[in-house]
């Protein structure tokens, strides 16, 4: 089937990730989309970089405006960032009747109203899953998954840089400035980290989410924004003593009087799931009237996680253009003729780890016998507890955690262990996954 | 605009919830869907119940087969459950060219291949978000949100009854049988809990997820299923000592040799987010090659959470039928002419709680002065720490957590506190949300 043609603007981190994932998973993505998604042209000022990343497989151009005017291109992917040339390119692409996929939260938060109005008028899609929380499909969840609900509020850890810094400040008791330097050295913070640490990036994302959650225009200029650069490590410690964690949250709440839209360091009860989102991870918690609270968690940045969202949008647009409406999204995700008959394995062939509990005579050599059987079966031990026998008892419990093995081997070893005269009764066997 | 007509089969828990939410949020749902979604007919054997729940607003029928044959009906919502009459009704509805929305995981896991083939042939949609993990939009995430990825494995807490029982066994150290009785008394477990506690329900859901994650047919009959009824409380305690929690997981993993599809009690490292999903909540963790790990969390059962998923499917089908393809899903979730100009409130009008830290002279009466100011401002105190001054120091820290108040009031109180001669320097003020 005829491929859908994509013009990719910007071959930086996310552009490179998009190119790589689209190539690596081409077969699987085509099975889902119903049609190959082909990057026809890559535009970047740095042609050398573009050549290196693409391996010269595609047309290269240093003129992005030529790409958005190219009649062969169906979808323009804008990964340049910022409000300047990116805005002009997106508006031109729309004007030329192209669908647009973008990861540009700043552009949408600030100029989204104008962009969506133009797209609506022209009958093209502007898809932006990658603009909020990277690879987490939160835009789709808010826009489609929760469409039955009156959304009451949402609160998100939507900036990985600041969450990494806050996690480190708490774990190591270090001041902000020191952790920021560490984050920069590790590549978690940019050389000029202002947009991240001052909360501007989070406010862009909160603005976008508020619009789709409540059905209101983008109002970024009204958002209250406070970052973490003035946060004192002592407050993180006091908060901890009181049972709280401090996170930089983007919050949007609907009240009778209007909308609260705000980004600031926030104390959250430490027991909440979202309080335990650490490091560079993102999470968005949504409170809605029918479903209650739902939470979406994953990597909010990085080449491939963001590419995952960009390509999901490409698949969405492609499905729309390929199938008749009734078949837009295949029932089972993959096109019906692309379902594969892969067998389900019998449980004996499953690979997992085990928790084994056995009741044994409390005498020397028992543990040696048991571990010998496991070693003979090629099963290695990760951890072990041997209880002392209680006063007056001749037997005690041994608990073993194994490394991964094939279930059939574990079963055979258990039979041999149960046959030992020093082992009383059956071995309790539970499976274990490190996830 | 002409409403889309829905025939609702079964007015039990989920049917009642669907009716209620669709009525309560009619305005908002119409703004999203672009067209009213109207329940035209409700079919249930128990007409008295149907009358009570619907208030007689709609046509009632005790003949579901007449409803699936009714030419006025566009979408059939099947909420009867089981494989018997539900299967016949779904097949008849498809045969009659109706779209189907169903929450019936048993039916899809066992007869899904036949049902989807018929739907494909007839050009109708069979939507089933409600079949897995209630209100969590996990089907949409797997089918659309992660379409760029090669999904490697998924693991889910997808049965609330068993998760509630396991949480209680751990918290209270009680045996399975006792907690099951409690769960039944609380309505978390059914009178005949077999499908839940023996893992069959979780296996239905894991089967459905495996199909859309890997592009394979439903293979429920090949799933390995082990429930929690034989789980010993002592193993929960030992696991805890070793740093693990035991959860009933539904696992689907792709290996070169084939698919692992299994449900069993599983040890998970206690630090993992999914290990901290407690009570009747559900969560699904998905590992995919580009995005990495993402997690989806929420209520997996109950009238309104499940209704949320049923109605999301209704909106999906309606959007498809209403708009031209380019406008299927509105950019900002709501139809463009339905965006509302609700103002964003200034930060002074935001309602939140506060953490206040102040450095004060360590002498009697200081705390009384401060709490008096807060009381005068109508701000009540939730918690307080007053540090003893360090040896030889004349000053110490007071940390206060307040209940909710309007930011403007908090600011005014802070100004007054800072003006007290016993208070040194500025008050540190952080916002706090209980989420």
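Yeah, the Cβs are placed from backbone N, Cα and C, and that goes for glycine too.
Around the Cβ of residue B:15 (NADP(+) binding site), the number of neighbouring Cβ atoms within 10 Å comes to 29. Residues annotated as NADP(+) binding site in TrEMBL: B:9, B:10, B:11, B:12, B:13, B:14, B:15, B:16.
TrEMBL lists B:190 with the feature L-homoserine binding site. Following the DSSP three-state reduction, the secondary structure of residue B:190 (L-homoserine binding site) is coil. In sequence order, B:161, B:184, B:196 constitute the residues six or more apart from residue B:190 (L-homoserine binding site) in its chain with CB-CB distances below 8 Å.
Take the CB of residue B:205 (active site, proton donor) and look out to 10 A: across all protein chains shown you find 25 other CB atoms. As annotated by TrEMBL, active site, proton donor applies to B:205.
Marked as domain 'ACT' by TrEMBL: B:355-432. Using DSSP to sort the residues of the domain 'ACT' (B:355-432) gives these counts of helix, strand and coil: 24 helix, 33 strand, 21 coil.
Apart from B:9, B:10, B:11, B:12, B:13, B:14, B:15, B:16, the NADP(+) site neighbourhood in this chain, defined by C-beta within 8 angstroms of the site C-beta centre, holds B:8, B:17, B:18, B:19, B:44, B:79, B:80. Classification of residue B:9 (NADP(+) binding site) by DSSP places it within a strand. Long-range Cβ proximity for residue B:16 (NADP(+) binding site), meaning a same-chain Cβ under 8 A and a gap of 6 or more residues, is found for B:53, B:303.
Neighbour density around each Cβ, counted as other Cβ atoms within 10 Å, peaks among the binding-site residues B:10, B:12 at B:10. Neighbour density for residue B:11 (NADP(+) binding site): within 10 A of its CB lie 27 other CB atoms from the protein chains shown. Less than 8 angstroms from the CB of residue B:9 (NADP(+) binding site) sit B:15, B:43, B:44, B:64, B:67, B:68, B:76, B:77, B:78, B:79, B:80, B:86, B:89, each of them six or more residues away in the same chain.
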